[in-house]
Amino acid sequence: MTFRDLLSVTFEGPRPDISAGGSGAGGGAGAGAGAGDTASSESPAVGGVPGAAGGGGGGSVVGAGSGEDNRSSAGEPGGAGGGGEVNGTAAVGGLVVSAQSVGVGVFLAAFILTAVAGNLLVILSVACNRHLQTVTNYFIVNLAVADLLLSATVLPFSATMEVLGFWAFGRAFCDVWAAVDVLCCTASILSLCTISVDRYVGVRHSLKYPAIMTERKAAAILALLWAVALVVSMGPLLGWKEPVPPDERFCGITEEVGYAVFSSLCSFYLPMAVIVVMYCRVYVVARSTTRSLEAGVKRERGKASEVVLRIHCRGAASGADGAPGTRGAKGHTFRSSLSVRLLKFSREKKAAKTLAIVVGVFVLCWFPFFFVLPLGSLFPQLKPSEGVFKVIFWLGYFNSCVNPLIYPCSSREFKRAFLRLLRCQCRRRRRRRPLWRVYGHHWRASAGGGPHPDCALSAGAALPGAALALTAAPAPSSAAAPEGQAAGAGRRKPPCAFREWRLLGPLRRPTTQLRAKVSSLSHKIRAGGAQRAEAACALRSEVEAVALSVARDVAEDNTCQAYELADYRNLRETDI
């Protein structure tokens, strides 16, 4: 059963002055069927849908069609007599609308409103929450923008055409509407393709991801994405389409063979191939990396210390060159932190799982349409019936409605952001620098002393209001140290303490999850024993920089990458 079968609409003829309605004198009803049978009708048939007219003063006429035009049939409604109600239809203004058409209209209106509201929530969630403003979420916002444009500018006219049974907005606007439809759908699909590539980079290079995928690169990628979508959608506007039908009440996507194949390849099959390859790679990398990290954590558990936190103080004891205050850090000794790497990788893998669900739903929604469209253009005898095609076509539209519903079900961050928006708790704070920022150079592990002390946090020392006790980090083993420096590898630097400063800063209304992450982090960044240091390292006002050092790879000659804690007094849960 199609949308056309669910509704019946007909224009009324000149309404005579009748005192008695219903089936009174002169009243009667005629019916026109889409198969070609007519009853006392002189209305022409358009798109395979003949008109029907009924005589008398109180009758109403139902005209239904079952054309094979695949996007929309343009049946011309028959004429009807004056007021009254027959077989569940009622006169509303100049139209006689059935109860089924009202139900279909209400359903489609709810469908469109859900899509608009859901995509608006995604956009506003990222705009109102600084911790959600990441490159990956920018791609998600672009996906929501494409779906929002589709829901707000295309779907209302598609729904109107389904309810009325014909296109009522003119030939010129039909061409524009079809082009915007292709533009938004192509941009949505290409956004999912971009997201899959972004997730592969995030999982494959989780520590170097901020340096690889910058905001400037993301903006260039999005500009290219919309340019490709625009090129695909401009074909019919430039004449790459079938001959224009004479009746302006017919409007549908072009079935010209060349354009159907071209648009299907560019809008679906090539992006889908990239998506499938990227997520297969994500699965392989995630499985191998998880195993190696778990094995590394087991090995590290048996070691006494690992340096994670680096605090550089002004005016501290200098190295051999006696140059205090230098920001350089070559020659500092520290171990790798597999625990931090595992934490960061697990977050990337979780985001990849969420977006894999989005991509799976996308394939289920769009594959039937992009399979049927070129097939019907190449082999007209294989065209599906109108009812089957309409279900397939609106299934593609359904993808724009379901994407915003996936995020709160699989992402607690988006769920909390949605709830805050629904409670009108959008509080945009001033822009700050990212909490973790990549240095422009690498730090090489060695046993030599540096211009600043190398401090690490003692376990259990990050208590609110308490002085922060720090102990010096031991040098790495002789096997990890450069050749010729094994003698100094076993020496420990003098202990240092850092007082009157809170590592995690003042937290406003911390959630249970945030407290758990804070507790976990305070135990992960530790070195040596829990003994408290005696000498003061610096006061809070003397802090120059706080950095997190993470090993990249043993095969890279123990080169390490440092992440700077730019604003340590405002720590967010997603920054841990």
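Even glycines carry a Cβ here, placed using N, Cα and C.
What Swiss-Prot records for this protein:
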- 1-101: topological domain 'Extracellular' (TOPO_DOM)
- 1-82: region 'Disordered' (REGION)
- 102-126: transmembrane segment (TRANSMEM)
- 127-138: topological domain 'Cytoplasmic' (TOPO_DOM)
- 139-164: transmembrane segment (TRANSMEM)
- 165-174: topological domain 'Extracellular' (TOPO_DOM)
- 175-197: transmembrane segment (TRANSMEM)
- 198-218: topological domain 'Cytoplasmic' (TOPO_DOM)
- 219-243: transmembrane segment (TRANSMEM)
- 244-256: topological domain 'Extracellular' (TOPO_DOM)
- 257-280: transmembrane segment (TRANSMEM)
- 281-353: topological domain 'Cytoplasmic' (TOPO_DOM)
- 354-378: transmembrane segment (TRANSMEM)
- 379-385: topological domain 'Extracellular' (TOPO_DOM)
- 386-410: transmembrane segment (TRANSMEM)
- 411-576: topological domain 'Cytoplasmic' (TOPO_DOM)
- Cys424: S-palmitoyl cysteine (LIPID)
Cβ neighbour count (within 10 Å, all chains shown) around Cys424 (S-palmitoyl cysteine): 6
Long-range neighbours of the transmembrane segment (257-280), counting only residues six or more past its ends (CB under 8 A): 182, 185-186, 189-190, 192-193, 196-197, 199-200, 228-229, 232, 235-236, 240-241, 352, 356, 359, 363, 366-367, 370, 373-374, 377-378
Recorded stretches the transmembrane segment (175-197) and the transmembrane segment (102-126) touching, at least 3 CB pairs under 8 Å: no
Outside the transmembrane segment (219-243), six or more residues from its ends: residues with CB under 8 Å to it: 138-139, 142, 175-176, 178-180, 182-184, 186-187, 190-191, 194, 254-256, 258-259, 262-263, 266-267
DSSP state at the residue listed as 'S-palmitoyl cysteine', helix/strand/coil: coil
Number of helical, extended and coil residues in the topological domain 'Extracellular' (165-174), per DSSP: 4 helix, 0 strand, 6 coil
Composition by DSSP (helix, strand, coil) of residues within the topological domain 'Extracellular' (379-385): 3 helix, 0 strand, 4 coil
